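Q: Straight out of Swiss-Prot:
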- 25-55: region 'Disordered' (REGION)
- 37-55: compositional bias 'Basic and acidic residues' (COMPBIAS)
- 54-97: domain 'CWF21' (DOMAIN)
- 57-94: coiled coil (COILED)
- 98-126: region 'Disordered' (REGION)
- 105-114: compositional bias 'Basic residues' (COMPBIAS)
- 115-126: compositional bias 'Basic and acidic residues' (COMPBIAS)
- 144-159: compositional bias 'Basic and acidic residues' (COMPBIAS)
- 144-175: region 'Disordered' (REGION)
- 166-175: compositional bias 'Basic and acidic residues' (COMPBIAS)
Amino acid sequence: MSDNVGLNTPRGSGTSGYVQRNLAHIKPRDYGAPYPKDLDSLRHKQRQPDKGILEHDRKREVEVKVFDLRDKLEEEEVDEDEIDKRCDELRQKLLAEMNLGRRGGGPKKSFKQHQVHEMADAKIKESERLRKALKISADYEEGGHWKRQEERLRSALEKEDNDEEERGKVSPPRD
């Protein structure tokens with residue numbers, strides 16, 4: 001045994017005491033790599049929902065309702081052609097309502113943890129309502145006031161420097 005590695009003594013351990021390197025261990029390459037270094041990238045960015053997933057979930061809800069109708073009609077022993085006809089009518093009606101934007105039940109307040117795209121979509125809509133309620137312009141940039149104030153101060157300093165240069169050119173220095 002060397003350099004305090006391994007067992008002090010292999011007696012009673014059921015091993016030979018031979019120390020091996022763990023070849024499955026992967027050493028991290030860059031310790032700070034996933035974290036950005038500039039402050040602008042640390043600001044919160046609104047997570048954008050995937051429109052395809054949201055559309056798929058809405059269509060899935062429609063198909064669940066159609067399947068419930070089909071199951072109910074099959075229990076009532078309705079003719080297969082009639083079942084297909086009614087299911088198609090319901091599907092067309094629900095898809096038309098979905099396309100018009102009319103969703104039953106109003107805005108959904110509670111989401112399950114796996115519904116991240118629905119939560120992101122609801123958060124964007126909530127932020128938009130809040131922005132309109134507070135009459136904030138759509139092109140508002142956070143910290144824009146400070147940037148404008150800094151720009152005004154910078155232009156005032158430049159103007160003052162230019163005025164001093166003008167005064168220096170007009171009146172020659174006296175001996």
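Placed from the backbone N, Cα and C atoms, the Cβ positions cover glycine too.
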Q: Give me the mean pLDDT over the coiled coil (57-94), rounded to a whole number.
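A: Averaged over the coiled coil (57-94), the predicted model reaches a pLDDT of 92.
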Q: Would you mind listing the long-range same-chain contacts of the coiled coil (57-94), meaning Cβ under 8 Å and 6+ residues beyond its ends?
A: 117-118
